[in-house]
Every structure is written in structure tokens, then in C-alpha cells.
Amino acid sequence: MESLASLYKNHIATLQERTRDALARFKLDALLIHSGELFNVFLDDHPYPFKVNPQFKAWVPVTQVPNCWLLVDGVNKPKLWFYLPVDYWHNVEPLPTSFWTEDVEVIALPKADGIGSLLPAARGNIGYIGPVPERALQLGIEASNINPKGVIDYLHYYRSFKTEYELACMREAQKMAVNGHRAAEEAFRSGMSEFDINIAYLTATGHRDTDVPYSNIVALNEHASVLHYTKLDHQAPEEMRSFLLDAGAEYNGYAADLTRTWSAKSDNDYAQLVKDVNDEQLALIATMKAGVSYVDYHLQFHQRIAKLLRKHQIITDMSEEAMVENDLTGPFMPHGIGHPLGLQVHDVAGFMQDDSGTHLAAPAKYPYLRCTRILQPGMVLTIEPGIYFIESLLAPWREGQFSKHFNWQKIEALKPFSGIRIEDNVVIHENNVENMTRDLKLA
């Protein structure tokens, strides 16, 4: 396997090329990319957890250090001012020496406000990308060059196409997340609470709650009906029926985003439905290829949902085509089939059709779909179908012409289990689709 250092060297070359093109298109001399700053809680001296600017960590795997700056022009070696204060109150990260530091000029920055004296004197044609526009103004950056939309759209569009370095990092993140999912299932089987299952997950992945790329969804029984449930009960339920875990990991700034659902018992209708959703998810992935719209796969899965609703007699006396046409599948899968994945969990440019930022919205019928792109080699996406029994979505169907087709008795029997979601992370290649999750044997 090619070393991470070698892959990173090629990664930087790709970013340099993209930067040259962006600077030429928008007539800028360089980009000043800010890692970000700590922000205090209102009326307090305690900061919120630091989250790095994703455009910064695209260049360097520095994710925990505020007040860092990158100057890139697409030609010269990227210059990183790394914040290195003298501070006995807080931990100070040492000046990095790692696989990537040969390709970046790393300079210590002892004072957060000292960057102004280190930048080129002429800054009128430098673009700033970062979360603190007022800092850019203080440095003399032109207001029109602060987070310029055209530049950001251009960079976002090409972030969709992962370099081999990025894919290597994402495969490592998968390994960590898979370890966490296995530990969490074991904790569930042993009767632990959501809170304790989450601790087991974090321990297995080597993450803290502030390190994971998104808040873990650890949902037992009815809690799986809340799509982004993050409460974490401290007490285990009296009866364990089901467990939905949506949890990821991060490696060098790149995310994994996996979901699995387990039934406490293996011989009930819910367990069979979990198996069937899993089988249909794998069958859909087997059909995926470059050159097809991601929207098509979302539409295809609604056909598969209809098949399962009919098979399990949740909807009766109606064709699968009619179910989809009249959106009877909608309340059972109210979210999109997935989303782009990378430096961010819901990665950027899901709706961009070109490097000018042309936007193609999700279909009106499925507004929560997060991607309308034509699949191309290098893209990484999640495939995460589900079936849920959510009363607020089912309630409107209890009246009206279609109510008679809903097997309400069956639905009531399944509601205590609440929901099913199965999520893998896939890479689009020229002639195949790589399932990073299943390659690690996560069932």
C-alpha cells in the first residue's frame, strides 16, 4: 500500500492545481485560510468546543488548534502559521512533525494577534476563507474578498472528488467506526442504557463526545422514531426491543457515518423487517454506477420500500406503483437516501451541477434529499434507507381515501420498535462501487 506521506504529496499537488485555477478565475493572488477561533459561551469565560474550518483541514490534518493560518497561492509551498503560545493554563499542541510536514512550511505563531506582521504587506488581492470576517478586515483584507462565493463554490464543487489520500483517511475512519458499532451492539445485548452504550462506543473508537463528527444517535425502542435522537437515557428500558445506532468517527479530519439497527429477538416480524431492509439496501448499492443521478437511487428505493410494505402486509390491496405514486411510502421513509461524505458529514456541493455553483434542488416530493448530483468517480456518499413508524407522520393517513390500505393493527404492533435504518459509506469508481463499510465485514 502506498504510504500516507506519498498520498498526501499527491493530494497537495491536486489542491495546488485547484487553487491556481480558482485564483486565475477570480483574479486573486492568494488565499488566506483561517483554522478558526474559540468562542466563549454567552456571559461566561468558558469556550464552546473548537470546530475547525473544513477548508483548512482540507490542506492539513490539524483539527484541534485555533488561531492557525494557511497562505496558499497554488505555486509556492503552502505556508502554515501554527499557533504555539506560551500557556500554563491550557494544553499547547507541539509544532507538528509528521508525514505531511515536508510538503508544508510550518512556522510557529506565538501570539494569536501576531499574524498581521507576518503576512505579505500587500493584501488587497488576497482572499480570506474562514469563520471570523472581522479578523480579516482587521488584517486589511478587502470586504469583497472575504469568503468570496465564487471561490468557495469552486472549491466546494471539487471537494466532491476525493484524492487517494482522502480515501485512505476515510477508510481509516471506517475502521474506527466499525469497532465502535461492534462494541455498541455488545453493550446493547448485555442490557446497557443508551448512556452506557455511548460510552462503550466512544471507548472503542478512541473518541470523546466532542471528537466524533456528529452527535451519536443511540436509540433504544421508541426513541428510534426520532431521526436525530441524541438524548441518551441513563436508565435501560425494562424491555429491550430494538436498537438503532447512527454513529461515526473521524481520522485526519475525514468522517465516517454508519448506521445499524438490531432487534433484541431474532424471531419476530421486526427482526425480519430489519433483515429485509438490509437486503434491499445491499441490492440497491449493487446497481449503483457512475453516470447516474443520485436522485434516481432515491426514487428506486421508494419502490423497494413499497415492496417491503406489501411483503409485510403493512400496506394492503394496493400495487407497489400506486403506493409510490400516491406517496404512501413517504411517511415510512421521510428522509433522503443519503448524502455526500468527506471533511463534513453532510459534505458540501450535494446540489451543485458545475464549478460555478449551479444549484439543482431536491425534487419537491422529496425535499429532504441532500444530493442531486450525477455520480462520478471519486465521489463518496452514504446509502442509508430506512423504515419508521412515526405517529406524527402516520396520523394524517388515518383519515381519507387511503386509510383503508394501512394495516393499522400491524403498524401499532411495530411502533414500539419504532424505526430501522441501515447506512453504508460507498466510493464511486469508474467501473465499480466500493462499499467501505461492508469491506470491513460489518453486517
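Cβ atoms here come from the backbone N, Cα and C positions, even for glycine.
Per Swiss-Prot, the feature Mn(2+) 2 binding site maps to ASP246, ASP257, GLU423; the stated evidence is sequence analysis. The Cβ of GLU423 (Mn(2+) 2 binding site) has ASP246, ASP257, LEU258, THR259, ARG260, GLY338, THR382, ILE383, GLU384, THR437 as same-chain neighbours under 8 Å, each 6 or more residues away in sequence.
Residues annotated as Mn(2+) 1 binding site in Swiss-Prot: ASP257, HIS339, GLU384, GLU423. Long-range neighbours of HIS339 (Mn(2+) 1 binding site) (same chain, six or more residues apart, CB within less than 8 Å of its CB): VAL345, HIS346, ASP347, GLY350, ARG370, CYS371, LEU381, THR382. When secondary structure is read from DSSP and collapsed to three states, HIS339 (Mn(2+) 1 binding site) falls in the coil class.
Every protein chain considered, the tally of other Cβ atoms within 10 Å of the Cβ of ASP257 (Mn(2+) 2 binding site) stands at 26.
Here the binding-site residues are ASP246, GLU384, and the one ringed by the most other CB atoms within 10 angstroms is ASP246. The DSSP secondary structure for GLU384 (Mn(2+) 1 binding site) is coil.
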